[in-house]
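Now, the feature entries from TrEMBL:
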type	residues	note
COMPBIAS	82-91	compositional bias 'Polar residues'
REGION	82-101	region 'Disordered'
TRANSMEM	109-127	transmembrane segment
DOMAIN	111-586	domain 'Major facilitator superfamily (MFS) profile'
TRANSMEM	147-166	transmembrane segment
TRANSMEM	178-195	transmembrane segment
TRANSMEM	201-226	transmembrane segment
TRANSMEM	238-260	transmembrane segment
TRANSMEM	266-285	transmembrane segment
TRANSMEM	337-360	transmembrane segment
TRANSMEM	372-394	transmembrane segment
TRANSMEM	414-432	transmembrane segment
TRANSMEM	439-458	transmembrane segment
TRANSMEM	464-490	transmembrane segment
TRANSMEM	502-524	transmembrane segment
Amino acid sequence: MSSTVAAAPSMKISDSNRRCMRIATAAPTVAELAQCRAARTAHSTTSFSTLPEKGIWSGTLGTPVSIPSIHDDLKHVSKIPTATESLSSGPGSKDGPPAKPAMSHIHEIAFIFIVCLAQFLSLGGMNQTVAPVMILAENFNIQDYGTLSWFSAAYSMTVGTFILPAGRLGDMYGHKRIFLLGWAWFSLWSFISGFSCKSGVILFGICRAFQGMGPALLVPNAVALIGRTFPVGMKRNTVFACFGAAGPTGATAGAIFSALIAEKAWWPWCFWVLSIVCAFVLVLSHLLIPVEDVSYPAGSADRPTFDYRGCITGVTGLILVNFALNQAPLVGWGKPYIPALLLLGLLCLGAFIWVELYLTAHPLIPIRGLRVDAVFVLACIAAGWASHGIWAYYLYLFLEHLRGHTALLTSAQTSPVAITGVLFAFSTVWLLRRVPVSYVMLIAMLFFMVGSMLMATAPLHQSYWAQTFLSVLLMPGAMNLSYPAANILLSSALPKEKQGIAASLVSTMVNYSISCGLGFAGSIHRYTIERASKNYGLTGPPPALSVATPPIVAARLDGLRAAYWFSVGLGGLGVFIAAIFIVITNRRAAAQKN
């Protein structure tokens, strides 16, 4: 009886393969090709079922689904053709008859350029309020650090929060559609943000939050488009490296152009120019991105339903927690509504986990399916990128407010990030072919920790070319080793129809960690300055940001160093997690050999 049951899947797959052989002699439809790919995928999964467990995902009921680890994927992968490959098979191909390629070489380059622009402009948009931070303080008459940090935190909060449902919407309705919607939304709210210059700081912060929903729609669907278009292998990894390199180059470009426009013209033009660029890219995306990217045709019984309960509880919890953390540096933890909102947010997140585990068939996050590798990688991303957000924001405060540099000079001093960022991003592809992802994560976490440590100990009047320059050189290594490695790992582990989930997990961790890190660091910064002010004999309310007597500068420097030491601690936490990851990986490898 058992042998009959065990043989059933094999017989079914054999029938499917025979159908595919018959289809290959005729003119197949897209639907028929999709059925053949599904059959090959099922056959691959069945054939792997007797191997030792190496994957990072399991089935929804806890049944292991064997997917090779990223280190093995990069050495030898049995490719499952993508839609592009199936439609462009040459003579004698087993996937179909000769056909005109779906994308020419030039079209493919243009496609890569468009999807990388999502990352480029998303990071550029975040730095719109980082480089000209003191110009914005003067425009809105801001006299405290807590309000200033909201301009960056609000943007990162919505990017990190709404990425989860955005990735699922892309899996359901097509990544191109949501990608185009993201450009339209990004353009609209960049335009509105520019006009909020006369409406007060609260409205501007709200506009920044709505602006961040554009990248939330763009980034996971851009990553998913890459994962669906290119098969697992060298080309996909190279494209992911390009996508990772677009981050530091975009952040640098956003800082330089925002500082240039703010100093030489009027800062709202930073947002209006971005709006125009997004509208132009929207048109290009419509023309250049292939339309065959819908995972489930309209009306298909296989299309997953949208997880409304998970979306409501998850988004609500993430926003409440993030708001409490970033509002605390402004009003203090003594306000009763701050801990109340934090507690309510944590309860919502607990409800979200319950919903994802027990109440939905198509969760936003496949918690039951997360294996050890994925959990450790995402934990490293959370710790490391929270450290990075603190490093970047307080670097601009240190250079502009304490050292007295202009926004344009500060942007020029941080410009090496773009060069080293590109180098590190492409070195990730080379590293992952030779080094396990756990070791790559350890190197990245060390860069996060050391880069922040250099700034925590940098003297105020030290030359830029000493510790500051070295820190600027190191931090891109942290960013562009960790981010592409995490994307490659999760993208390789999930099937094409779930590329939005893979992209959402990594992007959520990156952006939400940045925002939460700024909230924690802001509280440390505020209370350290208050305590240091008393030690230096200062009394009364906190002085205006324009006041710069020696005791006030010394107190502010103490606060900044405290924030940086917290960043060092986060980097150290990432190192600790990565070290445990290495130990577990090595023990598992040794057990498999035995």
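Using the three backbone atoms N, Cα and C, a Cβ is placed for every residue, glycine included.
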Cβ contacts the transmembrane segment (502-524)/the transmembrane segment (414-432), at least three under 8 Å, sequence gap 6 or more: no
Recorded stretches the transmembrane segment (147-166) and the transmembrane segment (201-226) touching, at least 3 CB pairs under 8 Å: yes
Considering the transmembrane segment (414-432), which listed stretch of 201-226, 372-394, 464-490 counts the most C-beta pairs under 8 Å: 464-490
Cβ contacts under 8 Å made by the transmembrane segment (439-458) with residues that lie 6+ beyond its boundaries: 376-377, 380, 383-384, 387-388, 390-391, 394-395, 398, 428, 431-432, 466-468, 470-471, 474-475, 477-479, 481-482, 485, 561, 564-565, 567-568, 570-572, 574-575, 577-579, 581-582
The transmembrane segment (109-127) vs the transmembrane segment (372-394): 3 or more CB pairs under 8 Å: no
Close approaches to the transmembrane segment (201-226) from elsewhere in its chain (Cβ under 8 angstroms; 6 or more beyond its ends): 111-112, 115-116, 118-119, 121-122, 125, 129, 140, 142, 147, 150-151, 154-163, 166-167, 170-171, 175-176, 178-179, 181-183, 185-187, 189-190, 192-193, 236, 239-240, 243, 271, 278, 289, 293, 487, 491, 499-500, 502-504, 506-507, 511
Model confidence over the domain 'Major facilitator superfamily (MFS) profile' (111-586), averaged pLDDT: 88
